[in-house]
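Q: Below are the features listed in TrEMBL for this protein:
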DOMAIN    127-223  domain 'CAAX prenyl protease 2/Lysostaphin resistance protein A-like'
TRANSMEM  21-42  transmembrane segment
TRANSMEM  48-69  transmembrane segment
TRANSMEM  90-113  transmembrane segment
TRANSMEM  125-145  transmembrane segment
TRANSMEM  157-177  transmembrane segment
TRANSMEM  183-204  transmembrane segment
TRANSMEM  235-255  transmembrane segment
Amino acid sequence: MASGRDRQETYDQKAPRNSRPYALALLWAVIMAPITLLLGAVQPFTNIPFRVLPLVMVGPFVAAALCKLSVPSWFPPDAPRATTALAKKAWIATALSSLVYVLTLVLLATPGYTPFVVHDWPKPIAVVAVCIGFTFGSWCEEVGFRGVMYRALAAKLGPWPSVVINGVFFGLCHLQYFDVGVLPVILFVASAVFLDVIMAALWTGSWTHRVLIATAIHSVVNISIEATGTDLTQVYPYVAMLAATIVSALCALTLGSTFKIGDLLPAKQPRQPLNPPTI
């Protein structure tokens, strides 16, 4: 049902009596961890190149699906759909914030040793395959990390604590960076928190729509990092990623405040004509 106000994330954060947000977040994490490790172990035995789609990215989606099938009543209520006008503003803001991230990263990045495409593949096909694979993988991660964990935490804690907790957990789940050293891990986790800020500052409407916006942002980040070809065994690329994420987050917060979108705004919004179109 459409709201009579130009608002979106100001839904009642109080969960219904039968929902169990904390238990849901914990259950999802417990299921997700072994599934992700298993998918990572299986990858070398498949014909799916890691550069096209790291199978570990599918783990959060599988865990989310299992939670939805087994304990649907634990999920907090969905957010109301956004007006069409707000949804358009959210996508414009998402595009602008993503562009800011890409430009900042390109300006700061230094060429390294990470190839963007799979060797021995025709380059146009390889580039398209990488973009599709990373977009799908980003969606799988967003369904779990933001569509389940953040949503569950926000039902009890509100947006800002949820941004920090979810971002730190998301960053720590990227185990492949732990061999690089402590400082790159800290920088990557900080980048993950600011990535959460970008998403929470811009997304609108139902959780299905929010996950789509988060996916767009996440996939742009992933593809940009791959495309710049930075050497992720060094410290500087993590500094560049953090700087790009901070600049993009500042842009997202400014646009979110200007367009009155996102979770990080006060609840009260200007009035809108009754029954505006929604998505």
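Residue numbering: from 1, along the chain as shown.
Placement of Cβ uses the backbone N, Cα and C atoms for every residue, glycine included.
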Q: State the non-local partners of the transmembrane segment (21-42) in its own chain: residues 6+ outside its ends, Cβ under 8 Å from one of its Cβ atoms.
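A: For the transmembrane segment (21-42), the sequence-distant neighbours (Cβ-Cβ under 8 Å, at least 6 residues beyond its ends) are 15, 54-56, 58-60, 62-64, 66-67, 71, 74-76, 144, 148-149, 151-153, 155-156, 169, 173.
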Q: Could you give me three numbers for the domain 'CAAX prenyl protease 2/Lysostaphin resistance protein A-like' (127-223), the DSSP helix, strand and coil residue counts?
A: 86 helix, 0 strand, 11 coil
Q: Please report, as numbers and ranges, the same-chain residues at least 6 past the borders of the transmembrane segment (125-145) whose CB is under 8 Å from any CB of it.
A: 28, 32, 51-54, 57-61, 63-64, 116-118, 166, 169-170, 211-212, 214-215, 218-219, 222-223, 226
Q: Pairs 6 or more apart in sequence, C-beta under 8 angstroms, 3 or more of them: is that satisfied by the transmembrane segment (235-255) and the transmembrane segment (90-113)?
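A: Yes, these stretches are in contact.
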Q: Have the transmembrane segment (157-177) and the transmembrane segment (183-204) got at least three CB pairs under 8 Å, pairs 6 or more apart in sequence?
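A: These two stretches do touch.
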Q: Mean pLDDT for the domain 'CAAX prenyl protease 2/Lysostaphin resistance protein A-like' (127-223), rounded to an integer?
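A: Summing pLDDT over the domain 'CAAX prenyl protease 2/Lysostaphin resistance protein A-like' (127-223) and dividing by its length gives 95.
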